[in-house]
Amino acid sequence: MNKVVLLCRPGFEKECAAEITDKAGQREIFGFARVKENAGYVIYECYQPDDGDKLIRELPFSSLIFARQWFVVGELLQHLPPEDRITPIVGMLQGVVEKGGELRVEVADTNESKELLKFCRKFTVPLRAALRDAGVLANYETPKRPVVHVFFIAPGCCYTGYSYSNNNSPFYMGIPRLKFPAEAPSRSTLKLEEAFHVFIPADEWDERLANGMWAVDLGACPGGWTYQLVKRNMWVYSVDNGPMAQSLMDTGQVTWLREDGFKFRPTRSNISWMVCDMVEKPAKVAALMAQWLVNGWCRETIFNLKLPMKKRYEEVSHNLAYIQAQLDEHGINAQIQARQLYHDREEVTVHVRRIWAAVGGRRDER
């Protein structure tokens with residue numbers, strides 16, 4: 001199996017293709033990307049027959065920015081007979097996956113696929129039973145075994161394959177299902193909530209998103225991101241010349257500072273989180289974020305980089321490389337991750353966590 005399907009936001013297929021070609025090439029897994037505009041997915045076809053499996057095992061999924069999900073697949077199954085779609089699919093998967101832990105019957109995230117998605121949900125139940133009978137799936141769901149993927153690109157037309165549960169997205173179609181909280185002041189709140197789900201393991205939330213932490217929200221108005229911090233019982237400095245939602249001010253947890261987010265300098269030394277969703281050139285935002293991290297003004301940050309119209313992968317890569325270079329120059333170890341989230345539009349969301357200082361005598365445990 002030499003093909004890898006990568007699901008992405010429709011309209012960002014070229015960026016997804018450029019990224020997987022670049023990062024696979026760095027690992028000497030060579031191939032080419034098949035791209036169809038606004039399809040919501042890319043197929044990376046490796047030149048060597050087993051390199052699809054090698055790619056999804058060895059390249060960390062968390063290092064990808066534009067892919068929501070990925071899985072290795074075989075040849076396209078076409079013209080599935082309406083009276084029996086199951087038998088050909090089971091036949092394709094036998095000998096490829098044994099005792100898989102979960103089945104996901106998916107489509108690309110496009111308007112055209114909405115009707116097909118309804119079919120996929122109905123089709124999952126009988127297909128799961130048949131795959132269990134054939135030994136392709138285990139008799140119970142388990143996160144310790146590979147995920148079996150059946151990816152429909154049209155009625156009667158699908159790819160079959162698998163991903164590794166320790167190196168994929170845990171979400172169906174790579175999309176966390178989040179509900180907009182009615183009391184939140186703007187829909188942007190879902191970006192930060194999704195970022196927490198994507199970047200922070202669930203078993204670390206109590207420690208890293210803890211009650212009583214101090215946080216800063218740069219460019220906070222009207223308070224969509226501040227809302228997520230307040231919901232987790234943090235104390236928040238919300239920095240913006242624009243007004244904050246009164247409902248947030250009434251909590252008593254928010255201090256509104258009428259300042260420019262680029263000029264604000266914190267006075268506290270125990271700020272755990274800084275978040276930022278400002279509409280500004282990505283290079284300017286990256287420089288500000290690097291300044292906060294280098295100076296130790298926060299332990300972790302989540303921020304958005306707005307994307308230009310062209311060369312979007314190159315621009316994001318350049319901005320992330322700049323932040324990494326600044327951290328390296330000042331002897332700071334950090335984890336950097338970036339992802340175009342489901343709730344992002346022409347932007348990507350970045351998470352940086354300071355780990356420890358590489359220089360003796362420096363402490364990050366403020």
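Any Cβ shown, glycine's included, is placed from N, Cα and C.
For the S-adenosyl-L-methionine site that Swiss-Prot gives as Ser188, Cys221, Pro222, Gly223, Gly224, Asp260, Asp277, the extra residue drawn from Asp133, Asp240, Asp328 is Asp240. Spatially close to Asp260 (S-adenosyl-L-methionine binding site) yet at least six residues away along the chain are Asn241, judged by Cβ distances under 8 angstroms. Around Pro222 (S-adenosyl-L-methionine binding site), the same-chain residues six or more apart in sequence whose CB sits under 8 Å from its CB are Pro185, Ser186, Gly242, Pro243, Met244, Ala245, listed in sequence order. It is Gly224, among the binding-site residues Gly223, Gly224, whose Cβ has the fewest other Cβ atoms within 10 Å in the structure shown. For the pair Cys221 (S-adenosyl-L-methionine binding site) and Lys306 (active site, proton acceptor), the Cα-Cα distance reads 17 Å.
A straight line from the CA of Asp277 (S-adenosyl-L-methionine binding site) to the CA of Lys306 (active site, proton acceptor) spans 9 Å. Around Lys306 (active site, proton acceptor), a 10 Å sphere centred on its CB holds 17 further CB atoms from the protein chains shown.
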